[in-house]
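**Q** From Swiss-Prot, here are the annotated features:
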DOMAIN    112-148  domain 'EGF-like 2'
DISULFID  Cys269-Cys280  disulfide bond
DOMAIN    324-360  domain 'EGF-like 7'
DISULFID  Cys328-Cys339  disulfide bond
DISULFID  Cys350-Cys359  disulfide bond
DOMAIN    400-440  domain 'EGF-like 9'
DISULFID  Cys404-Cys415  disulfide bond
DISULFID  Cys430-Cys439  disulfide bond
DISULFID  Cys583-Cys607  disulfide bond
DOMAIN    609-645  domain 'EGF-like 10'
DOMAIN    872-1051  domain 'Laminin G-like 3'
DISULFID  Cys1010-Cys1051  disulfide bond
DISULFID  Cys1095-Cys1105  disulfide bond
DISULFID  Cys1117-Cys1126  disulfide bond
DISULFID  Cys1158-Cys1167  disulfide bond
DISULFID  Cys1174-Cys1185  disulfide bond
DISULFID  Cys1179-Cys1194  disulfide bond
Amino acid sequence: MALVGPRIWGPRRDIYPLLLLLLLLLLLLLPWVPAGLVPPETPSVCASDPCAPGTKCQATESGGYTCEPSELGGCATQPCHHGALCVPQGPDPNSFRCYCVPGFQGPHCELDIDECASRPCQHGGTCQNLADHYECHCPLGYAGVTCEAEVDECSSAPCLHGGSCLDGVGSYRCVCAPGYAGANCQLDVDECQSQPCAHGGVCHDLVNGFRCDCADTGYEGARCEQEVLECASAPCAHNASCLDGFRSFRCLCWPGFSGERCEVDEDECASGPCQNGGQCLQRSDPTLYGGVQAIFPGAFSFSHAAGFLCSCPLGFAGNDCSMDVDECASGPCLNGGSCQDLPNGFQCYCQDGYTGLTCQEDMDECQSEPCLHGGTCSDTVAGYICQCPEAWGGHDCSVQLTGCQGHTCPLAATCIPTFKSGLHGYFCRCPPGTYGPFCGQNTTFSVVSGSSVWGLVPAAASLGLALRFRTTLLAGTLATLKDTRDSLELVLVGAVLQATLSRHGTAVLILTLPDLALNDGHWHQVEVTLHLGTLELRLWHEGCPGQLCVASGPVATGPTASVASGPPGSYSIYLGGGVFAGCFQDVRVEGHLLLPEELKGTVLLGCERREPCQPLPCAHGGACVDLWTHFRCDCPRPYRGATCTDEVPAATFGLGGATSSASFLLHQLGPNLTVSFFLRTREPAGLLLQFANDSVASLTVFLSEGQIRAEGLGHPAVVLPGRWDDGLPHLVMLSFGPDQLQDLGQRLYVGGRFYPDDTQLWGGPFRGCLQDLQLNSIHLPFFSSPMENSSWPSELEAGQSSNLTQGCVSEDTCNPNPCFNGGTCHVTWNDFYCTCSENFTGPTCAQQRWCPRQPCLPPATCEEVPDGFVCVAEATFREGPPAVFTGHNVSSSLSGLTLAFRTRDSEAGLLRAVSAAGAHSNIWLAVRNGSLAGDVAGSVLPAPGPRVADGAWHRVRLAREFPQAAASRWLLWLDGAATPVALHGLGGDLGFLQGPGAVPLLLAENFTGCLGRVALGDFPLPLAPPRSGTVSGAREHFVAWPGSPAVSLGCRGGPVCSPSPCLHGGACRDLFDAFACSCGPAWEGPRCEIRADPCRSTPCVRGQCHARPDGRFECRCPPGFSGPRCRLPVLPQGCNLNSTCKDGAPCEGGPLGTNCSCQEGLAGLRCQSLDKPCEASPCLNGGTCRVASGIFECTCSAGFSGQFCEVVKTLPLPLPFPLLEVAVPAACACLLLLLLGLLSGILAARKRRQSEGTYSPSQQEVAGARLEMDSVLKVPPEERLI
């Protein structure tokens, strides 16, 4: 390479880029060309302002000017000073007026007003006049615009240490707290200056005080003035005595204690005085005295605290445990064991069957479980007994019983195998009522009422009777076993079993098994035994503990065999007898079975009978009593007869206004009297019964104000509670004892007396019905009847009657017709009822009905009240003003309150009425924290209650527990609860809501929701007005307060679904001021705002779950499985089907289906997929390939989509900037850059051209300036690039 010499520029080649740069520079500097370079315009003729003041110059086209009047007039010269406003005045062009700013005056506002002339500064302040205002310079102690305010020098709290500041004029004074002084209480007073501490005590100054340090002085007290008593602090331990000295003390110790303060407890046990392992106990230990485990007797005392005691182990004794004790001396070995004495102990040698330290334990041979095959082991002394199951026997149940093999028992008998003395056998266990080797003999027989059977049995030293029986009778003799001296009787008394042992006819012992009725007709097993002076009664019954009841008692001497009623050495037994009727079986005396053929008397084999009370034979609810072979009906009054079909006839007194009466003659009735009868009447007064002797009444029973009263001579009246004049039948029963009765007299009057005036004292003659009159259970008939006996009992005698009507007959109460306004009358007993037409109601159809006329407009409904109506409706409230009602015209009692509401407000008022009379005249109900709260006349609802702010309807009912009481608890029923909730505290009534001074009742304060029916007592609140032109005639009702706003009728929640808040097509459901969205399958969330993940619950049993756009899922199954959830295995298919191997792969059939041999690069059950699909890079535009279940998937990069990422996304995006405002400058910048780049390229090309290639100087260069100056300059050698 040749050397490069200096660049040589030609005069014409370098001018072009310079010209181009100059051009660009001129274009850039053109907007900033100075205005001076532009030729000036010709000056106007008006520039010199040639016109007079008040006129303005106007140039003309000819180059001259004219002076015209100016709109500024005289203001053109700015005559007004100090910022005043100048306004021209009138036609005179030189006139003007100045409007001064505040603080100046004069024609030209040239005068400054002196604001200090009025002396505004107070308290000697100096006034400084300023423009438009003044300024006060205040003296010390004052401040403010006019020095009007006195400065509070105490505001800066100058007084320290809690001092009090007293403000003055321009000053302050501090009142210091005790212990401080100074102008600002900054000085702490030194109380030690007076040297208050005596006896050399050191004084320490405190705030408002001092403290004396009396250490090492021998003195104490606040000023060290008292001598210290060293013994006062009880320095001596262990109850030692203290001797006081000056600044010293001395302790006198008890024996066993030492030390300066007697604090050392001398250890007497340190020398180990107790031998043979004895425990040494010091007497100075207080824990060893008193208590349950005390070692030393009595209470602890320091006077006896010296010394020790040895607690010796077993086998040793003495003060130091040096003596060996003979443990066998006390005979410790039990149950025949022999004792051997040992050092510090003994050894017992036990008899067989016992063990333990003292042979106290009976060895349980059953612990080894010797009984086989489920046998039960019972321990005995030195042995055991096995209770074997039925199939096994032997000592340890090891022998299988075979006695029943090849043998059968007839009927219902059970074969029981046996094993005795090594031999197998069997016996038949017979069911009850049978006997014999093969249970072929019947032991059951019957005994009828009024007869008995008997037999003889051998006598024995002991006595036992066992039998089974059944009966339905309450009482009767079951069995009697006796000899000439003694008898044992088994009876039923009130259906209860009882055993009686008698001697010489006198009962010696009676045993009873109470509370078990045995007359139920079932079989019962009973046993009674007399053995070793004890009588025992047993009963097998399911009502007994363990199904066995036992009663027993001692007998002085048991019965002995003596000369019996039969042959010598026998007992007589009697079964049945008297009223007993029933059956017996398995009767045994001392184990001897009595068969029916061995008995004498009327013996009926078997136990056959028909249920006499089936079907029920007793009418009118009569009780059927089973008497074994027949029945008896216990009839309710007033029925009687064998089957209760006959009714005792009633007697009607006073029918049609007649005067009725009946009488009976009496004889001796005994000391007691019971009167009973049926009564039916609607009259509140009248004579019922009167016992009299001639004209003197001894006992009178009568009606007074609907109550039954009984009055006798010398006794206070008796009143039966309740009312008896309601027209219903009542059974009346009166009982009198001997102390309540005197001579009743000879006659009984019923319903009246034969002279009506004689009954006025007791309400007059009776009107009504009397039936089944009985005296001491003796029936007194009002009418003769074939049912009555022909002869009267000795206590009574037939009397006479007047104007009685048989049967209980009613008056014709519908004649004349009592029903008004077309009502139909219907007769009831001595009363009537009316069926009214549509527009009338009431007992006699006299009250008008308003609601059929539809006086209320929908949605309100009409509700009838006395003499009128009320329009009730549901109403909607939206935080508006409350609805106000008043009950000033209500006089009836308000028994309670009902209220229905629904809301979602957690804080809202429901109802309120507050008076100045106190808590018992207030009521409020509200929703607090979502629960019901309130105060009802002083009773407070318990909190918290159930949540009610849930948008559902809730119904509240409040009532007093005792309505008539002055103060009572209030009870709350919420939403129809069966059990009320009691409010806390006693409350008054709701009387403050009614009458002339009624307290206004406010509904729905700050309430959003609906109110339903609201009622106080029987008066609903009229939330809706009646139809126009309709007026309710109700005398008592609540009315809306004048000016109370009208309510919005109907219950409507807010428009929560309009517009619908549910996204993505969800359906909005209105839940009353709340909503719920029913989302489609692809969405979820409160507003369907969350895309649902159908794969969240892993629905696919196998394979992978993929979410579909419609919100459902799709399971992509692995090979070999199919179905919506990949649950089902793919069924085998043959090679001859269409769905076999793909791409010509050979197919091989087998028992499990087809098997395809896939070509290279293919895979799958049918060779339907690529073996390694991602190796071919199927994903375009930078997508990522992955394999799932043998199929490839492409995960595309941003901006692409599709199966192979081949689709370019063309979603338009909004421009974040204005296009034109950015594009034009950008284009200009690009153009400029292009020009600069072009220029740079040209220069670079020129440079390359100059520095590369072969250099040939041109003609101009040869004749250039450098050659022309050869004679002057030394030209360097030329260099050229070769």
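Count begins at 1; order follows the chain as displayed.
The backbone N, Cα and C atoms fix where each Cβ goes, and this holds for glycine too.
Keep in mind it's a predicted model, so treat the numbers as computed, not measured.
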**Q** Count the residues of the domain 'EGF-like 9' (400-440) that DSSP assigns to helix (H, G, I), to strand (E, B) and to coil, and report the three numbers in that order.
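**A** Computed counts for the domain 'EGF-like 9' (400-440) are 0 helix, 17 strand, 24 coil.
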**Q** Which bits of the chain, at least 6 residues beyond where the domain 'EGF-like 2' (112-148) starts or stops, bring a Cβ under 8 A of a Cβ in it?
**A** 82, 101-105, 168-171
**Q** Where does Cys1117 (disulfide bond) sit in the DSSP three-state scheme?
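**A** The residue in question, Cys1117 (disulfide bond), is coil (DSSP, three-state).
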**Q** Given the disulfide-bonded residues Cys328, Cys339, Cys430, Cys1117, Cys1179, find the one whose Cα is closest in space to the Cα of Cys1095 (disulfide bond).
**A** Cys1117
**Q** Which disulfide-bonded residues are spatial neighbours of Cys1105 (disulfide bond) here, meaning Cα within 10 Å, out of Cys583, Cys1051, Cys1117, Cys1167, Cys1174, Cys1194?
**A** Cys1117
**Q** Measuring Cα to Cα, how far is Cys328 (disulfide bond) from Cys269 (disulfide bond) in Å?
**A** 31
**Q** Can you see whether DSSP assigns Cys1105 (disulfide bond) to helix, strand or coil?
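**A** Assignment for Cys1105 (disulfide bond) reads strand.
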**Q** What's the most sparsely packed of the disulfide-bonded residues Cys404, Cys583, Cys1185, Cys1194, counting other C-beta atoms within 10 A?
**A** Cys1185
**Q** Would you mind checking how many other C-beta atoms are within 10 angstroms of the C-beta on Cys1167 (disulfide bond)?
**A** 22
**Q** Looking only at the domain 'EGF-like 2' (112-148), what are its DSSP counts of helix, strand and coil residues?
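**A** DSSP composition of the domain 'EGF-like 2' (112-148): 4 helix, 13 strand, 20 coil.
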**Q** Mean pLDDT, the domain 'Laminin G-like 3' (872-1051)?
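**A** Averaged over the domain 'Laminin G-like 3' (872-1051), the predicted model reaches a pLDDT of 91.
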**Q** Is Cys1174 (disulfide bond) helix, strand or coil when read with DSSP?
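**A** Note: Cys1174 (disulfide bond) is helical by DSSP.
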**Q** Check the Cα-Cα distances from Cys350 (disulfide bond) to the disulfide-bonded residues Cys415, Cys1051, Cys1117 and tell me which is shortest.
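**A** Comparing Cα positions, the candidate nearest Cys350 (disulfide bond) turns out to be Cys415.
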**Q** Just checking: which of Cys359, Cys404, Cys430, Cys1126, Cys1185 have a Cα that is within 10 Å of the Cα of Cys1179 (disulfide bond), counting only these disulfide-bonded residues?
**A** Cys1185
**Q** I need the CA-to-CA distance for Cys439 (disulfide bond) versus Cys415 (disulfide bond), whole Å please.
**A** 11
**Q** Among all the protein chains here, how many other CB atoms are within 10 A of the CB of Cys339 (disulfide bond)?
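**A** For Cys339 (disulfide bond), the count of other Cβ atoms within 10 Å is 19.
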**Q** Closest to Cys1010 (disulfide bond): which of the disulfide-bonded residues Cys430, Cys1158, Cys1185, going by Cα position?
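**A** Closest candidate to Cys1010 (disulfide bond), judged by Cα separation, is Cys1185.
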**Q** Of Cys328, Cys359, Cys1095, which of the disulfide-bonded residues has the most Cβ neighbours inside 10 Å?
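**A** Counting every other Cβ within 10 Å of each candidate, the maximum falls on Cys359.
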**Q** Highest Cβ count within 10 Å among the disulfide-bonded residues Cys280, Cys415, Cys1010, Cys1105: which residue is it?
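**A** Selected residue: Cys1010.
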**Q** Nearest to Cys1194 (disulfide bond) in three-dimensional space, by Cα, is which of the disulfide-bonded residues Cys339, Cys583, Cys1117, Cys1126, Cys1158?
**A** Cys1117
**Q** For Cys1051 (disulfide bond) and Cys1174 (disulfide bond), determine the Cα separation and express it in whole Å.
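**A** The Cα atom of Cys1051 (disulfide bond) is 67 Å away from the Cα atom of Cys1174 (disulfide bond).
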